[in-house]
Amino acid sequence: MNHQQQQQQQQKAGEQQLSEPEDMEMEAGDTDDPPRITQNPVINGNVALSDGHSNAEEDMEDDTSWRSEATFQFTVERFSRLSESVLSPPCFVRNLPWKIMVMPRFYPDRPHQKSVGFFLQCNAESDSTSWSCHAQAVLKIINYRDDDKSFSRRISHLFFHKENDWGFSNFMAWSEVTDPEKGFIDDDKVTFEVFVQADAPHGVAWDSKKHTGYVGLKNQGATCYMNSLLQTLFFTNQLRKAVYMMPTEGDDSSKSVPLALQRVFYELQHSDKPVGTKKLTKSFGWETLDSFMQHDVQELCRVLLDNVENKMKGTCVEGTIPKLFRGKMVSYIQCKEVDYRSDRREDYYDIQLSIKGKKNIFESFVDYVAVEQLDGDNKYDAGEHGLQEAEKGVKFLTLPPVLHLQLMRFMYDPQTDQNIKINDRFEFPEQLPLDEFLQKTDPKDPANYILHAVLVHSGDNHGGHYVVYLNPKGDGKWCKFDDDVVSRCTKEEAIEHNYGGHDDDLSVRHCTNAYMLVYIRESKLSEVLQAVTDHDIPQQLVERLQEEKRIEAQKRKERQEAHLYMQVQIVAEDQFCGHQGNDMYDEEKVRYTVFKVLKNSSLAEFVQSLSQTMGFPQDQIRLWPMQARSNGTKRPAMLDNEADGSKTMIELSDNENPWTIFLETVDPELAASGATLPKFDKDHDVMLFLKMYDPKTRSLNYCGHIYTPISCKIRDLLPVMCDRAGFIQDTSLILYEEVKPNLTERIQDYDVSLDKALDELMDGDIIVFQKDDPENDNSELPTAKEYFRDLYHRVDVIFCDKTIPNDPGFVVTLSNRMNYFQVAKTVAQRLNTDPMLLQFFKSQGYRDGPGNPLRHNYEGTLRDLLQFFKPRQPKKLYYQQLKMKITDFENRRSFKCIWLNSQFREEEITLYPDKHGCVRDLLEECKKAVELGDEASGRLRLLEIVSYKIIGVHQEDELLECLSPATSRTFRIEEIPLDQVNIDKENEMLITVAHFHKEVFGTFGIPFLLRIHQGEHFREVMKRIQSLLDIQEKEFEKFKFAIVMMGRHQYINEDEYEVNLKDFEPQPGNMSHPRPWLGLDHFNKAPKRSRYTYLEKAIKIHN
């Protein structure tokens, strides 16, 4: 709240010593209108400071400005004359300035009432907007007569630049403070006191290494508890030593989890700044950080240690993780009446403790080992002894040196059908004796444990913040690790403050509490926390990590200096050979020689460097920058080395980066003899490129380039073309100018000069020639013009099989002028099938996957199908191979359903009945696709199932158009049993049978139809059910049977009940309601998630 607002309540000094905060009174200062600091000499403040540290923390820091808490006072003289805001001098806590702010407060609606405004201000004069600091404080007005009667109120607030003060507008009534009888004012002086406890600030220059000796981990965002877990494992020093000793010399630096863990540990040990973890999570093989959001710290800890343990096998540190974290327990079941006991020994690496309804960790351990009575309906199956009353429990055989305790704060709530967080108070001690929970104790080595780490979560089940409090040396000196910020803290902050539950001072529900604890066995403390020095880190690992750092620093420097440089891409003439497209080369396939050049370096300097690198003297090379023309082509253009030699590279490139240059060189065979490039007169000469087209092979052949005068006639070039192509002289040639894609002009007149024969003659123009041979007419593409037209329409299309997930497909080169049948024919040849047995699908525009199917009579072209793809985007279509011709298939519909075979097993099938047909047609299609039983009726029926219950049987004449699929229901086809083909409607009935366990809405398994007879004993019905389900007698004895109607169930007395068909008929007047059904109440031994639900993926490290 803003301290300028008027308040509606007034606090009386004598009512309480420590008041509770009231929302309408606890306020933030007005940052838009900061209080004016009065300079009147009549009013002044005297500050009295006292160090709030306890004796145990005196050695935390010599520089008290970095302390975590302090008490300071501010005495306001001539208090009765106070008319404006006044601030105390600063008191530094966490190296931030804290001030007391006092002001009189008036109320427009109550002019005769006045109160004292009392606020705590933090870092108000900073210009930064990124800082924040969470603090708790007690604001107090001192009673000079009796300190016990001093009036105080408590605040808790996150201070930041917009809310840099917090407190109370009406801390006390003015009349109460100024009443001499109350003891708050003496000689017109009032003393204000603040005790403040602050967390380490964020967004300021906080040096964790300097103040604690440790550094934090950067927050990647969405990594939740990982930083807390990594710090916990890092300070398990014996584990850290073992991780360093893992051989990783040959590991891939981006995929090796041990190497990534070594890197994080090494940097935590040696860095002065927060350490990044992106390389570690990348080594897990995770593309996103979603895994952190879906799972808990126990799962990550378990899979991470499992991964490292597996990779320690066969090394000098094999067995380290079991040695540190593994304990043993025995699960037992002891029968009461017979001599039968079942024991199962198990290893464990952590213990999950229930905290709901438990006061402390001892009660949770008692609950963990509590004996469960197996009696009544829950008797134990003791084999040949049958069902017996028994006791079930666990006992700890051994406890590990490092004990991980998972506190079950996150639990599933069946009432709300979601996970909730339990914020109840739960106490845990600094020293934990556990001998009483061991089956056998060792007097020489009692199971006494010292608290080493407290992992804490603030927030609710949907999100929050994670920190860890660590006792690094096991000596009771605690630090708080809050991502990148590490700070000293008191033992109370680390332990008592994280019990959870109610805060006695603030009367608000604590959502900050411990969810995992790490204890170390006292006898193993020195071994587990043994010092880790540089001598414990293999030299080759140090060298590798330091080399990584050097390379990263070099790359960082390059990025910082990148704006000073540009790239020059050199393309040599050999890259033009074999090119079958427009222009001189394919930009996506060409291999450049790349130079990193200072933008301000001169052309002459670059040419000199280029000459040395390429191994040609400067008179044997010439530069031709590739210039984009207005018609979309890219051709070489003249660059005058002499005239432009002093110009800068960025100037000549016209800010193009990268800048591509064609490098012309002397023929390497002639270079050794000292040959130089011929002179080129830029005003009178032109450079042309020559290509020869061969209609027989439908291919282009690069024939080099020539210098020729602009006035030269076309006919004068014919001998050069014949020579370059290997034709005999005077061979009749047809010439074309390659103007741009899809525009190739024939040159008709050979007796005119180049500037008249070619359109807008320029350096880099291309002449394409071919033999004038009548046999060319037999070629599919007889002329260069038709070749380039075909090339313009040519497109590579990826065809993927729709039925194969993530199918990479195959590439076919097609013309975008092709129609549907031409495309189908080409693809069918590739697949060695009939074009009529293929169906094609468009690609979805918004995601990579098949879209709507194409009809076989589609009248558009391939260009129409691909028009929504971007120019450089891979073109993709989908197909599926059919078992019937597409003309027949298009008149059918796809119908997914479940087939229940004669072994009472379900399988998903897809049928293709006539889309205008009925259920009878669907059943006939099913007969073709499945195998029917040998001793069955040969007749099929279609059932509709919702929530594992049969809700109806569809008639054979019902139209398929009326059966629309939905995610909530399933269609099942099954063969009608012989005993259900003919039903005596007067005395018999088909009823629905479904499985459930305790709650009738929790159905599961395979429902079925059962024939019952009027008046038959229910034991006969049970025999048919047992035979159908093929269940052993002992298991079937556990089944209970109920008639379920309208969500309510009534259990059947199996020995007395005789079937009454009316019990399974709808109630009169409620014929629209579902029929009653027979429920089989038993435990669901099948996996809890069905094929109809999305499977939740387990957290997994892939590398």
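Each Cβ is built from the backbone N, Cα and C atoms, and glycine gets one as well.
Per Swiss-Prot, the feature active site, nucleophile maps to C224; the stated evidence is experimental evidence. The feature compositional bias 'Acidic residues' is assigned by Swiss-Prot to 20-32. Marked as SUMO2 cross-link by Swiss-Prot on the basis of similarity to another entry: K870, K883. Taken from Swiss-Prot, the feature ubiquitin cross-link covers K870, and the record attributes it to similarity to another entry. According to Swiss-Prot, the feature domain 'MATH' maps to 69-196, an assignment based on sequence analysis. Taken from Swiss-Prot, the feature domain 'USP' covers 215-522. What Swiss-Prot lists as phosphoserine is S19, S50, S54, S964. Per Swiss-Prot, N6-acetyllysine is recorded for K870, K1085, K1097, and the stated evidence type is similarity to another entry. Residues annotated as region 'Disordered' in Swiss-Prot: 1-40. Positions annotated as region 'Interaction with TSPYL5' by Swiss-Prot, on the basis of similarity to another entry: 1-209. The region 'Interaction with p53/TP53 and MDM2' annotation in Swiss-Prot covers 54-209, and the record cites similarity to another entry as its basis. Here Swiss-Prot flags 71-206 as region 'Necessary for nuclear localization'.
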> Mean pLDDT over the domain 'MATH' (69-196): what is the value?
Replying inline: 91
> Which of these recorded positions is closest to K1085 (N6-acetyllysine) if you go by CA atoms: K870, K883, S964?
Replying inline: S964
> Under DSSP, the region 'Necessary for nuclear localization' (71-206) has how many residues in helix, strand and coil?
Replying inline: 14 helix, 78 strand, 44 coil
> What number of additional C-beta atoms lies within 10 angstroms of the C-beta atom of K1085 (N6-acetyllysine)?
Replying inline: 8
> Could you state the CA-to-CA distance between K870 (SUMO2 cross-link) and S964 (phosphoserine) to the nearest Å?
Replying inline: 36
>> Can you give me the same-chain residues 6 or more apart in sequence from K883 (SUMO2 cross-link) with a CB-CB distance under 8 Å?
In response: L837
> Relative to the Cβ of S964 (phosphoserine), which residues of the same chain, six or more apart in sequence, are found under 8 Å away?
Replying inline: none
> How many neighbouring Cβ atoms, not counting its own, are there within 10 Å of the Cβ of K870 (SUMO2 cross-link)?
Replying inline: 7
